[in-house]
Amino acid sequence: GQIVYSIAEETERGASVGNIAKDLGIDAATLSARKFRMITGSSKQYFNINASTGALSVNEPIDREQLCELKSVCLLNYELVLENPLELYRMEFKVLDINDNSPSFPLSEYHISVPEFLSPGARFTLPNAQDLDEGANSVQNYTLSPEEHFHLEMQIRGDGSKYPELVLKKALDREQQATHRLVLTAKDGGDPPKSGDVPVIVTVLDTNDNAPEFEHSVYRASILENSPSGTLVVQVHATDLDEGPNGEIRYSFSNTTSADLQRMFLVHPHTGEVTVNGVLAVQRPLLEMLIEARDNGAFGMSSTAKLLVEITDVNNHGPEITITSLSSPIPEDAVPGTVIALLSILDKDPGENGKVTCQIPDNLPFQLKPSLQNYYSLVTSELLDRELINEYNITITATDLGSPPITTQETVWVQISDVNDNPPVFSADAFDVFVEENNPLGAFIYQVSASDPDIGENGRVSYTLRNSTVAGSALTSFLSVNLANGSIYAKRAFDFEQLRSFSFQVEAKDNGSPALSAAMTVNVYISDQNDNAPAILYPTSQNGSVAVEVVPRLADEDYLVTKVVADDEDNAENAWLSYHLAHSSDSTLFQLSPHTGELRTTRSMRSTDFLKHKVVVVVRDHGDPPLSSTVTVGILLADTLPQALPDFDDSGEPPPLLNATNIYLIISLACVSLVFAAFLLFLAAVRL
């Protein structure tokens, strides 16, 4: 997860640093597809990665001194983020120093006033050169131009740092030479070495022959970084053995102390108190300054002491939460451990104040896992269900370990995308539908409805009829279903007398991939309509003739003449039959049972009763409206069954005595009688 490169500063643009794909074991061909990107806190992008080869090259030359100032180790930290899957690699670039800076002195010229009466061995502090390079490339030694009165010696302070001193090796005579011009040269340890020069002008003075001396060569102090202006840092003190103005001391910062530090602190010229002046806007934990003590002699003498100020951190920075990568929405079937987001949490405070704890609410199906330094991965901790919760607002709380602690919160919005994990659901497994027979074609039968909690195509339900047969025919010849809304329609008219009920299944299928389905059973019951008139089964007539029943002339009362038998193909009240006498040639002779259809005599037969009778029986059902059928029954009063049944006219009345046939019979009989009488007369006449 981490790789370290070393590169010399000022390396030219385009120079190769390494191959990130090879060094990290990544397939270079996948870099573009995985949307690689380099993340750094630097304002400049010093490096480039070739998306095709993974070659790492210099994009911008690095000035180590500008980037890291006086730090002994200069590091650039980068993070390489890859997606699909989400991976994070840490890259550390160690910028190596080259000897690209010459030693320099803060001032272009230094002046030293030396009383002429000083004895050889008197010492004078010389300025320190500054070299922005580090290590061996920094200032290593000093040299002084040859001069018979002076030579150079190096001194060591209590903290181990070296500084040059000008040592008087021969007494001065101002009257012979009032000014001595020297050249101080500072050399570094580079290869080749570099150097810097500064003129040192020594003016020979009379009188004041003692320089102030500090109690300590090095003063140490510690203050809080949020100390207000006016806070006392330390009080330095120096003594001068001279008397009068030559022994009066004024304190100030040495010219070698940086201007920034001179603005942050104040030195009281008389008391030597060093106080805070404004805001301590520094990132370095240790500040180094030189305090100068100079007497008020005509030719003031001075000495310096080093002041080391340690800045103690206070918890004045809250954690900073940066969402480096976020995958949203995520599918609801994501397995536990799926990475949702990559977070960078950083606190600028050092030490314990910069250590951070991070957490999210416990009632969420997510958890934070530490990744690389200062990085956390937000992963799923259990299975998700979009139908229950379709989005989460995850509040990430970062708290440092300072006192008092500072808390920062960041909310991550994660949406849950749908997968087809729910089949359609009917409100019931089966449903009964009642349909009247003789329905019109296309009549609406019933509408089934199934719900699917999924969304989009996963929740769009379509309806079909499952293949089956009804009364030997395909179901689709009887019914059709609307694909979109589940409405079922009749494709033919139903006949209760042929089909009283049937069942079929409707399938609801979503449009997911793969599709899920469910089925419900619909039971169809055909309701009867009164569309069939009663059918007379007995008595029956043939060729339109009247059915004849023979009744003995001596029949008694309640004699069963016949029983009308009928049937109705309809059902229930539509098939409940009743029997009625619509017509009778003798209403006093016959009666009909309305429930059984039995035709009986109401009295005994009389000799005066007609020989032939006709009754009309009506059979009626109880439908709405009712339907009926009639049957005509001829009744012949005879003791024996005649060889030929007489005809029954429509009226059912007995024929009159003098109808045409009787007249013909009477005439024929009269003619025969006359002929017979004539024959008898003829025989009598012959005999006589």
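Any Cβ shown, glycine's included, is placed from N, Cα and C.
The domain 'Cadherin' annotation in TrEMBL covers 6-105, 106-214, 215-321, 322-426, 427-536, 561-648. Here TrEMBL flags 663-686 as transmembrane segment.
The domain 'Cadherin' (427-536) shares more Cβ pairs under 8 Å with 561-648 than with any other stretch in the list 6-105, 106-214, 215-321, 561-648.
Along the domain 'Cadherin' (322-426), the predicted structure has mean pLDDT 88.
Across the range of the domain 'Cadherin' (106-214), the DSSP-based residue counts are 3 helix, 53 strand, 53 coil.
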